[in-house]
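Below is one structure, written out as structure tokens; comments come after it.
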Amino acid sequence: MALTPQRGSSSGLSRPELWLLLWAAAWRLGATACPALCTCTGTTVDCHGTGLQAIPKNIPRNTERLELNGNNITRIHKNDFAGLKQLRVLQLMENQIGAVERGAFDDMKELERLRLNRNQLQVLPELLFQNNQALSRLDLSENFLQAVPRKAFRGATDLKNLQLDKNRISCIEEGAFRALRGLEVLTLNNNNITTIPVSSFNHMPKLRTFRLHSNHLFCDCHLAWLSQWLRQRPTIGLFTQCSGPASLRGLNVAEVQKGEFSCSGQGEAAGAPACTLSSGSCPAMCSCSSGIVDCRGKGLTAIPANLPETMTEIRLELNGIKSIPPGAFSPYRKLRRIDLSNNQIAEIAPDAFQGLRSLNSLVLYGNKITDLPRGVFGGLYTLQLLLLNANKINCIRPDAFQDLQNLSLLSLYDNKIQSLAKGTFTSLRAIQTLHLAQNPFICDCNLKWLADFLRTNPIETTGARCASPRRLANKRIGQIKSKKFRCSAKEQYFIPGTEDYHLNSECTSDVACPHKCRCEASVVECSSLKLSKIPERIPQSTTELRLNNNEISILEATGLFKKLSHLKKINLSNNKVSEIEDGTFEGAASVSELHLTANQLESIRSGMFRGLDGLRTLMLRNNRISCIHNDSFTGLRNVRLLSLYDNHITTISPGAFDTLQALSTLNLLANPFNCNCHLSWLGDWLRKRKIVTGNPRCQNPDFLRQIPLQDVAFPDFRCEEGQEEVGCLPRPQCPQECACLDTVVRCSNKHLQALPKGIPKNVTELYLDGNQFTLVPGQLSTFKYLQLVDLSNNKISSLSNSSFTNMSQLTTLILSYNALQCIPPLAFQGLRSLRLLSLHGNDVSTLQEGIFADVTSLSHLAIGANPLYCDCRLRWLSSWVKTGYKEPGIARCAGPPEMEGKLLLTTPAKKFECQGPPSLAVQAKCDPCLSSPCQNQGTCHNDPLEVYRCTCPSGYKGRHCEVSLDGCSSNPCGNGGTCHAQEGEDAGFTCSCPSGFEGPTCGVDTDDCVKHACVNGGVCVDGVGNYTCQCPLQYTGRACEQLVDFCSPDMNPCQHEAQCVGTPDGPRCECMLGYTGDNCSENQDDCKDHKCQNGAQCVDEVNSYACLCVEGYSGQLCEIPPAPRSSCEGTECQNGANCVDQGSRPVCQCLPGFGGPECEKLLSVNFVDRDTYLQFTDLQNWPRANITLQVSTAEDNGILLYNGDNDHIAVELYQGHVRVSYDPGSYPSSAIYSAETINDGQFHTVELVTFDQMVNLSIDGGSPMTMDNFGKHYTLNSEAPLYVGGMPVDVNSAAFRLWQILNGTSFHGCIRNLYINNELQDFTKTQMKPGVVPGCEPCRKLYCLHGICQPNATPGPVCHCEAGWGGLHCDQPVDGPCHGHKCVHGKCVPLDALAYSCQCQDGYSGALCNQVGAVAEPCGGLQCLHGHCQASATKGAHCVCSPGFSGELCEQESECRGDPVRDFHRVQRGYAICQTTRPLSWVECRGACPGQGCCQGLRLKRRKLTFECSDGTSFAEEVEKPTKCGCAQCA
């Protein structure tokens, strides 16, 4: 029903009111609109992974969270986020953002979290965050930032987490972090930082995480402050190391002493080198002078940031730059010349050259540019030279050059342009030269205007020609009549075998279907076509790409998928894919299925799949993958189905699937899993997750073969000795023999004879100098990105016409100092980018004319130190090097004689004359057969690899046919044998041997021992026609048949009445006492090593000696001196102390730890074991107590004192601080912490005073910390024992559960001088557990990992190890628990890694089998199924059943029931234990069910509970617990 306001009615709306109402409704509608491609839920807008190239419009004004990650956004403009005043979280990571305009975040005053990591930022504008006071977390990691300006973070005063790692930062301005006083996390690792301004981090008192490792810190005097700063904070900044000078390289900065930070000169020491960004600076790798910045050939992959603002020319040619980001040159308004030639540039931002009003020269040739964005040359009114040749440009927009009125030279030579729209060159009013050749022009009616233009303006100087149709092919466009340019349906304009780039005038039409492929709707079918690579151009509307059943071996990172924003499915199955370059799938965020089944992948890493943010199905079946590490699937958070069926997987690293947050189906079948200790985590993981298809089974070890992996018990996952360190790590992308840095591989001086395996496919520089190569490795042609190859100082003697094929990007080739004599005419064919060629130091005499025909870019030729023969045949080379001075004036002529010593560069060409043929040696270098190297009438053939090859006539062989095949020519028959030659080319000879010899050359004596008669172990020795027997010692005779009696009277060797004993090894003499030697002939001098003391005389006796003592001495060895009366008589020193006489006064020398006049008290103890304590039981009056003790430890945590249970006092070491928890009856209990840390290894005095509800804590006499517990007065339980250094397990668990202690670790260190109420305590009156030893000093520096330290051993403190451990520190496992076992009459049987039992022999019993007679075992025949056997005097042997079971043998399981439980719910997060803040009730389901049912929860209750953790953190989480149990179908 419509309401129509009537004139004069008070309820009607006036026109202004009506407009206001309509505007408000429209505003509300706009505020709730959702941008296209995005999802809006409440105040959250999710646009991630949608292929966006710019910030979307119409973002609701009330948005609080905005997800823009995983797109293709390149620039953030000032007004992109205008009006978003309520935004709190902004996610911009994983885009291609190259610039952020200042003021872009000004409206977002509530912004708390901003992530810009994994982008392409090079410059961080100052004051970018000046209005973001609420910003607490900022992530700028993994960008290309090169500097941190002074005002970069000005205004972000609440910033707590700042991540700047993995950038290219080399400059940090002084004061850059000064405003960040609340910062807790700062990461600067993996940058190029060499120095840091003094005190840069001193204003961060809350800093708890700090990373600075993996930089290039130069440790001179300017960095000395950092060493002291790091020493004061030993837990942060770990692994921060010096990179220079050489003497300090590799040392931790914190460990370098102050005196070692030195500067070499006075100027250096005066002040640190300034790092200022106000007007830019010269990049470290470049040279700058007179306004010219020269960065040629420096290996750059991006344009340097923060360049000098006053520069007029920048040279960036011969690098590896891949893109020109937005506004790359806009700040440098004085630029007049830019040279970016010979890079890898494939993309140019539309505003890359914006604002360069003075630019007159722009050089972009030799790149990979395919498209010129609209307006890329806009505003370049002064440009005169534009070189775009040697790219892949396929389309030019008609207005591409509209602002270039002053352009005089335009080169579009060597591109892929098929047509040009009419009017493309209309605005070029000053054009004088135009290069259009080497483009596949289609000369149809659309190109008629160009022919007319070129006839009117004859400025095209390269001879542009038509490529099609056939009737006009190869004809000059400017010379064809206009009427010939026509369009006809009968003619074919597309050139078969090439890509079709025939786009419309706006360059926006989708490309045609790839050659040979079929395109239906949005499906591109390219299967079974024997393709070796993915087609370069695919329609942008493609949703499914089928490339299965081809021969693709490498997936290259070409950026293809960045343009396919609608692609959903890629099928690459049944190819030969063995390598996927990192970044291949960049921009493929829309792809949900990727099939790589039946390929040859051996390993996988996360970089292979980077960009596949929306992937849900990943098929990797039937490959050769052997190992899955925890970086394999990073970033694939949306994958639901992962198939690894039928690979070679033997192990999987823990956490390998943690990043697959959405994973619901995993196929691991048909893999040869090695179920050792490295796979122990997987069984439990499979049981918990229940997402695995089938049951993957173990293949190794043998005893687990074919057992389902999830059924293997945890102890059975074990490693043999030596396998513990073998894990699953990503294969390094560098050969073992080489060193790699980015795309540079250095394999110099490694004695290599072949190319090493594992060279990265994207290598750009390869150094193989100083090795043993004899040929150019054929595999070099597979590395198509090579720009430099160094093969100098090898043994290469020849080149072939295919030595350097497929190296179109090669710019430098070094072949100096080899053995080259001749170079084939086509050796350098296809090297169009080659600029430097070194042939220096070879044996080349001549080069054929035209050898450098393809090397059109060559500017430097090194051919010195070669014997050049300068006749008329080399005249062309002299003229060639003179044009452009390509040779530096080093090469000299070696002949003919009249030209000897003359320079190739400066000698006039007319001097190069022929006066006859050159010498045979010169000619033979390229025609080696001229020198007739083959002997004995052999035929010579030129060979490209072996220089020449001889075909030998019958009867000869060898390289030069120098070896005769007459076998008898060398008199091969020995020992008088006669030689008989055999006929034929490969025939040999035979020998007629004399009697007694045999063999092919009569060299074998006939074996006469075949039928020997030697007996009794005699050894037959062959002679010429006879043999002899070598008899054992006790036999004689010709055949060793007679036994020798060595003990007969005439042969007995024993003397001095020694007894002779015959043995199989001969006679043995048993000597009388006092004699020695083999035959007892030597009289033994017993005084030789006598022990007589104090000048006593030794008297030799029979088999002994006696000592004659000096007067006053006594004892068997005269060791007892005359004894004076000692003052120690009657003095009783206790606890093993010795009494010494000091000034006629007895003094007890106490052992370590004891004190008192008679060493009667134990005052200091050392806790050397991890689980031990002391217990006092007779202490009183706790509510009012004064406790003092001294503590020394290097540990972070440990219990010092504990008394009580519910009402308690607890003193513990927590993270280095002393924590006191005190509960005299009030609730809740309270705790205080010391400000000081005491875990520095020194002794510290801890004083504690309790007075009813008040506690005072003081460290080393400092200011006390006070705590008041207000509440009812209550006296603590004085009967509870006082525990020192730890407590029993049950007390520990109870105290931990009630939060009375935060860390249950026992104390490890030293405690001494414990005073309670001013009374020094005696530790001997305590219950002392093993592992506590007297004294502090001896055991303080000896840590026994699995044992106890004994401080008073003879050699000093020693470790007594637990069973199964050994070594100085009890840290080395011994060979099993049975090593050194104590079984007397029995066999040692291992129970586990550390324990064993004794299996007694018949007739023995006891734990060690040391008791005679077997003891009857009452439980021997009783098998309790669910319980244990117990024997008693009344019942005898009977079963004690486990809960839930009954019956005589505990065989009956109780019916299903629910046992009520009320307790805290606990979980573990990392190293922290977390429990709910209040207890909750639930039931535990136990018992059996009839049939196949299971006892389980029938009714579940879900509650959201708050957890508090032992590390101080808290969180809320939903918990589901059963409230009713019953029988149901098993899950």
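Counting starts with 1 at the first residue shown.
Cβ from N, Cα, C; glycine included.
Cβ neighbour count for Cys286 (disulfide bond) (all protein chains, 10 Å cutoff from its Cβ): 18. Under the heading disulfide bond, Swiss-Prot lists Cys286-Cys295 (among others), citing similarity to another entry as support.
Mapped onto three states, the DSSP output places Cys445 (disulfide bond) in helix. A sphere of 10 angstroms centred on the C-beta of Cys445 (disulfide bond) encloses 11 other C-beta atoms. Residues or ranges marked as disulfide bond by Swiss-Prot on the basis of similarity to another entry: Cys445-Cys487 (among others).
Cys719 (disulfide bond) counts 16 other C-beta atoms within 10 Å of its own C-beta, drawing on all protein chains shown. The disulfide bond annotation in Swiss-Prot covers Cys677-Cys719 (among others).
Under the three-state DSSP scheme, Cys961 (disulfide bond) falls in the coil class. Over all protein chains present, the Cβ of Cys961 (disulfide bond) has 21 other Cβ atoms lying within 10 Å. Per Swiss-Prot, the feature disulfide bond maps to Cys952-Cys961 (among others).
Here the Cβ of Cys973 (disulfide bond) has 24 other Cβ atoms within 10 Å, regardless of which shown protein chain they belong to. Residues annotated as disulfide bond in Swiss-Prot, with similarity to another entry given as evidence: Cys973-Cys991 (among others).
Residues or ranges marked as disulfide bond by Swiss-Prot on the basis of similarity to another entry: Cys993-Cys1002 (among others). For Cys993 (disulfide bond), the number of other Cβ atoms no farther than 10 Å from its own Cβ, over all displayed protein chains, is 20. In the three-state DSSP assignment, the secondary structure recorded for Cys993 (disulfide bond) is coil.
For the recorded site, Cys1071 (disulfide bond), the DSSP three-state label reads coil. Long-range neighbours of Cys1071 (disulfide bond) (same chain, six or more residues apart, CB within less than 8 Å of its CB): Cys1054, His1056, Ala1058, Gly1077, Cys1080. According to Swiss-Prot, the disulfide bond annotation covers Cys1071-Cys1080 (among others), on the basis of similarity to another entry.
Annotated disulfide bond per Swiss-Prot: Cys1087-Cys1098 (among others), in sequence order, evidence recorded as similarity to another entry. According to DSSP, Cys1098 (disulfide bond) sits within a strand segment.
In three-state terms derived from DSSP, Cys1148 (disulfide bond) belongs to an extended strand segment. Taking a C-beta cut-off of under 8 Å and a sequence gap of six or more, Cys1148 (disulfide bond) has these contacts in its own chain: Thr1131, Cys1133, Gln1134, Ala1137, Asn1138, Cys1139, Pro1157, Glu1158, Cys1159. According to Swiss-Prot, the feature disulfide bond maps to Cys1133-Cys1148 (among others).
The feature disulfide bond is assigned by Swiss-Prot to Cys1400-Cys1409 (among others), with similarity to another entry given as support. Remark: Cys1409 (disulfide bond) has Cys1383, Val1384, His1385, Gly1386, Cys1398, Gln1399, Cys1400, Gln1401 as non-local neighbours, by Cβ distance under 8 Å and separation of at least 6 in sequence.
Look at Swiss-Prot and you will find Cys1419-Cys1429 (among others) tagged as disulfide bond, backed by similarity to another entry. A strand conformation is recorded for Cys1429 (disulfide bond) in the three-state DSSP classification. In sequence order, Cys1419, Leu1422, Ala1437, His1438, Cys1439, Val1440 make up the list of same-chain residues 6 or more apart from Cys1429 (disulfide bond) whose Cβ falls under 8 Å from its Cβ.
Feature annotation from Swiss-Prot assigns disulfide bond to Cys1424-Cys1439 (among others). All protein chains included, Cys1424 (disulfide bond) registers 21 other Cβ atoms within 10 Å of its own Cβ.
According to Swiss-Prot, the feature domain 'LRRCT 2' maps to 439-489. Confidence across the domain 'LRRCT 2' (439-489), taken as the mean pLDDT and rounded to a whole number, stands at 88.
Look at Swiss-Prot and you will find 671-721 tagged as domain 'LRRCT 3'.
Per Swiss-Prot, the feature repeat 'LRR 11' maps to 406-427. Across the repeat 'LRR 11' (406-427), DSSP helix (H, G, I), strand (E, B) and coil residues number 0 helix, 3 strand, 19 coil.
Taken from Swiss-Prot, the feature repeat 'LRR 20' applies to 833-854. Counting only same-chain residues 6+ beyond the ends of the repeat 'LRR 20' (833-854), those with a CB under 8 A from a CB of the stretch are 318, 342, 366, 787, 792, 808-823, 825, 827, 860-869, 873-874, 876-877, 880, 890, 894-895, 918, 922, 925-926.
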Outside the repeat 'LRR 11' (406-427), at least 6 residues beyond either end, the same-chain residues with a Cβ under 8 Å of its Cβ set are 360, 365, 381-398, 400, 433-442, 444, 446-447, 449-450, 453, 462, 467, 499-503, 505
Per DSSP, the domain 'LRRCT 3' (671-721) contains 22 helix, 9 strand, 20 coil
Long-range Cβ list for Cys1087 (disulfide bond), cut-off under 8 Å, min separation 6+ in sequence, same chain only, gives Cys1098, Val1099, Asp1100, Tyr1105
Row Cys1080 (disulfide bond), column other C-beta within 10 angstroms, all chains, value 22
Please report the Cα separation of Cys719 (disulfide bond) and Cys487 (disulfide bond) in Å, rounded to an integer. 76
What counts of helix, strand and coil residues does DSSP assign across the domain 'LRRCT 2' (439-489)? 21 helix, 8 strand, 22 coil
Can you give me the Cα-Cα distance between Cys445 (disulfide bond) and Cys961 (disulfide bond) in Å, rounded to a whole number? 70
Let's check the environment of Cys677 (disulfide bond): how many other CB atoms sit within 10 Å of its CB? 15
Can you tell me how many other Cβ atoms are located within 10 Å of the Cβ belonging to Cys1002 (disulfide bond)? 21
Other C-beta atoms that fall within 10 angstroms of the C-beta of Cys952 (disulfide bond): 21
Using DSSP, what is the helix/strand/coil residue split across the repeat 'LRR 20' (833-854)? 0 helix, 3 strand, 19 coil
Distance, Cys961 (disulfide bond) to Cys487 (disulfide bond) (CA atoms, angstrom): 70
Which one is it: of the disulfide-bonded residues Cys286, Cys295, Cys677, Cys993, Cys1002, whose Cα lies the shortest distance from the Cα of Cys961 (disulfide bond)? Cys1002
